[in-house]
Each structure stands twice: as structure tokens, then as C-alpha cells.
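Okay, so here's the structure we're looking at.
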Protein chains: 2
Amino acid sequence: MVGVPGEAQPALAAAASAALEAYSVATAEHDRAALAEVVGDGADGTPTMRIDVLVENAILNALSRHSVNVLTEETGWVDNGSALTLVMDPVDGSANAAAGVPLSAFSAAVAVDGSFTEALTVWLETGRSWWAKAGTPSPLRTTGRTSLPGAAVSLLRPHPANPGAASAWWEVARRAGRVRILSTSCLEGALVAQGATDAFADAATDTHRLVDLAASVVLAEAGGGAVRDVFGRPIGLDTDLTRRWSGVVAASPELADELASVLHDAYETGRTTPTGPGTPT
Amino acid sequence: MVGVPGEAQPALAAAASAALEAYSVATAEHDRAALAEVVGDGADGTPTMRIDVLVENAILNALSRHSVNVLTEETGWVDNGSALTLVMDPVDGSANAAAGVPLSAFSAAVAVDGSFTEALTVWLETGRSWWAKAGTPSPLRTTGRTSLPGAAVSLLRPHPANPGAASAWWEVARRAGRVRILSTSCLEGALVAQGATDAFADAATDTHRLVDLAASVVLAEAGGGAVRDVFGRPIGLDTDLTRRWSGVVAASPELADELASVLHDAYETGRTTPTGPGTPT
């Protein structure tokens, strides 16, 4: 659908609306260099671009009227003593958004007493949205694919200097029928949930933060899919934003398990074997 | 801009409008399986999906009132004895369009007596368009980047079973700062022309047909960029759609030359060296 769904939890809806408005103003008022300028370090330990700050500040301002806790990329953990926490990436795909590649998203999940119960991802350039609430019927439906050979898989970009991760990336490219790199984890997760692609994965680089995965957990599960970590770590509410995962979002639990296993095995092989995709030539 | 520009050559504008309308109807009336169904072989020698046929037929119908020659993916060369030829990909990124990944484009160039003089690429899911005419001032402006290390490069997906091409793909991934695979050559070319990415390349797989490159030649050159073939073949009007190129669209002539050279050298090394990214493990 286009826009913020009316059934969404009020704080989640307010955050998404503020993000859409702030993104629109930021991209109209600033050029690419200004949007991409690094203006600090986020609570997640990564450099913060101006576009991230502009959108996150607008969201936090909108949320001041809502009594919820917030876990967000730049500010980190804001404890308001609520049972409800928004786990939020104000601008997923910041590098796309700053450069003018029209693939970035607001994405957030609602956690109630530690469990993810609802999620909303909104494509900032078009307003198109993906929403799901645990226990509520959803129109989302994955492709249902259960095995990797021939699958359509989105991946984070490869890291050739990391032999294990390079080997893992290449092994999936070898087995998949189609590989994409859209550089926007939350949109790529939403595309799995709606059945446009079969899977999305971080090929063992431990790049994913909770804010990159939380919404995809709810959306993918609503559509019949599953989310795993390549190294078997559980993905749950954690207020330490420096934690990392290598997330796998897939159309079925079987495919999620197979992808995680293929990535894990190829990572271990690549770390210890001197030939392969990561080898300098 | 959004929509078909009013200054566009009338046959080009009519084709783009017909494509937008037909895409909208096709995706509303057919599910993913029906859109992706292979219904024949195109003049380019590749399988034709239903979505390709529906959009191309609508365009050819609209063009029946225009006296131009047409070179298009499925039908091939339609000679109407005109000095003017539309070189056209009705649905660039067919696999995206059929699957529901919202990245596909109508893309066409006008050739007058064999030279490309004008081009229009329209993002079918949003109506956003990129237009340029040789000799007319253009708002398009590439990033101007002149060297590969650290560049933002889009690539066609890797072909791990082709050792030369695998080596070429990986060498660019190693040198670039960011790699994307959007699976839509014409949109990726337009993003180079507008300065959102630094370059786009087919890593020596000879996948590109003229219809994948013609519009990007005009758009990139209007923005200060350049288009090359990895193997040095000139890219010009040719009515044989089975011809292939490994196209490089870049923000500057210097970057285009460097990318073509790096891809060519790595391709030759990969073909003759038993280790590297293409090596089965």
C-alpha cells in the first residue's frame, strides 16, 4: 500500500509520518554532498550522515508526545519506562538516500516486553509501505521457496578483503539463480516478505544491527518466511546497538536454514583455505 | 522529472506513454507467475516474458501512427524507410518487473542516420524520467569521478561459472568503494548520468544488447560521462539484435577507460589462471 496504514500502532505511525516528511524536506533543501556529510558517530558505532540526523531528530520530536521507549541508530536507547519499545532505523540505506539512488526506507518494529509484535517499513522515495502485526491476518506472502539452488537472493555488498566473508558471498552467488545488491536491508527484507525475492542475507560480515533486522523479522514471519543469523545467535531486543548479526531473511524456514548453513560453512572454509574469491591476485 | 517530457521527439514520447500505461495495466491484471511466463523467443535471442510482449505490443500499436523505424527487443528491426530509428527496450529489468521488484524501465534512443541524438528512460514503477537531446543543455550532471578506487559502481550480477568474467567482476568489487546490482541496466545508466552513482558495467559477460546501452550513451554523455565496451567494440546503430557488448557507463571518459581496462585485464587473467573467484571449491 502507499502511505502509513491506519491500523498501525500510534507511535509507530507517528514516527513513519515524521520520517516521510523529514526525508522530503531534507532532500529538497540539501544537495548530495550536504546529505552525505558525516556529522558525528551514532550509538551503533558507525559514522552518522546529515540525512540520518535530520530524519531521526524529526522522528524523536514527533515521538515526544508518545510514551514509548526508543532504540534508534544515532541516539541509541531512550528509556521512557514503557513496556513498549520502537526499534527503529530512521533512514535504512543512508548511502543510497544521500547519493540519490532512490532506495531508502524508514523501518521500525514494536517490541512489547522484549517480543517483536508489529512492524512497518516505508520506502521513503515513494511512500509505499509494508506493515504487519503478529496475530493479525496479513496480505504479505513470501514465494514459499524452500531451497537455494536457482533462488533470487539479495546480498549485502561483498567484502573482498575478508577471506571468509568473500568465500561466503561467492558461494551464494554460485548457487543462486539471481543476485541483487540494493544496499537497503529493510527494503530488501520487505521484498522477501511480499514474495518479490526469495531471500536476503548478510554474507557473514556481521554488518547487521538490530535496527536493520527487527522489522524484517515481523514482516517475513507474517508472510510465511523466517529470519536467522549465520552464526546462530538469537535475534531479539537488546539495547546495546553495538551488537551485530549476519542476518538471513528468507521465504521459508527451510531456505533460511540452508542459506545460513551454506554461508557459515563457506565462511569457515574461506578463512582457512588460501585460494578462492578472497585471494589477492 | 516525473512523466514524459514535453520536448521529447513525438514518436519517442508516444512510445514512453504507451509503455507506462501498458505496464500499469499488465501488473494490475496479471500475477507474478503470468507476467514471468516465457511466451517465446525474442529477436535478441533471449526468452521473452509475457510482460515484455504486453508492453512491446502496446508500444508498437501506438507507433503505428508514427513513420519511424523501430529496433526493439522482441520484434527486432521494423524498417519503415525513415531516417529516424527508435532503439528501444520496452521493459528493461523484466525479471524485476515480473517478480515485483520495483526497478524496471522503458528506455529508448533516437538514431538519426545512424547517430544517437536523443534518449528517454522512464522508471515504470514511479514515472520518473531521464531525458536528453544532443546539443541541448541538460540538467543531467555525473559525479565527474575520474578513477575507480573507492567509486560507487553498479554491476550486472556475477557469473561464477565463467572464470574470466568472475575474475573481472571480483576485481571491480575489490577496487570499488561500493557495489550495487539493481538488475536494470537502463535505470543504472540513468543513475550514472544524474550523478547518483559513479559507473555501471557488464563485467565482461557480453550480456548487453544495443537496446540496453543506447539510451545510456546519450544520457551519460549529456551529463559529462562516457560509454565504452570492455573489449573495445564501437557502440553504434546495428539492426542485428543478436550482437552483444560488455558495456561500461561512467561519470567521465577517464573512469570509463579505467573500468574497461581493469575488466579486460582481469578477464584475461581469470581465463588463464586456475585460482581466483571463478575456481570451483
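Note that Cβ sites are derived from N, Cα and C of the backbone, with glycine treated the same way.
TrEMBL annotations: computationally assigned, not manually curated.
The Mg(2+) binding site feature in TrEMBL is assigned to A:E73, A:D89, A:D92, A:D212. According to DSSP, A:D89 (Mg(2+) binding site) sits within a strand segment.
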Of all listed binding-site residues, namely A:E73, A:D89, A:D92, A:D212, those lying near chain B with CB under 8 A: none
Cβ atoms near A:D89 (Mg(2+) binding site) (within 10 Å, other residues, all chains): 31
Lowest local Cβ density (other Cβ within 10 Å) among binding-site residues: A:E73, A:D92: A:E73
Long-range Cβ environment of A:D212 (Mg(2+) binding site), under 8 Å and at least 6 residues apart: A:D89, A:D92, A:S185, A:C186, A:G247
Coarse DSSP state, helix versus strand versus coil, of A:E73 (Mg(2+) binding site): coil
Output field, Mg(2+) shell: CB within 8 Å of site CB centroid, site A:E73, A:D89, A:D92, A:D212 dropped: A:M88, A:P90, A:V91, A:S107, A:S185, A:C186, A:R209, A:V211
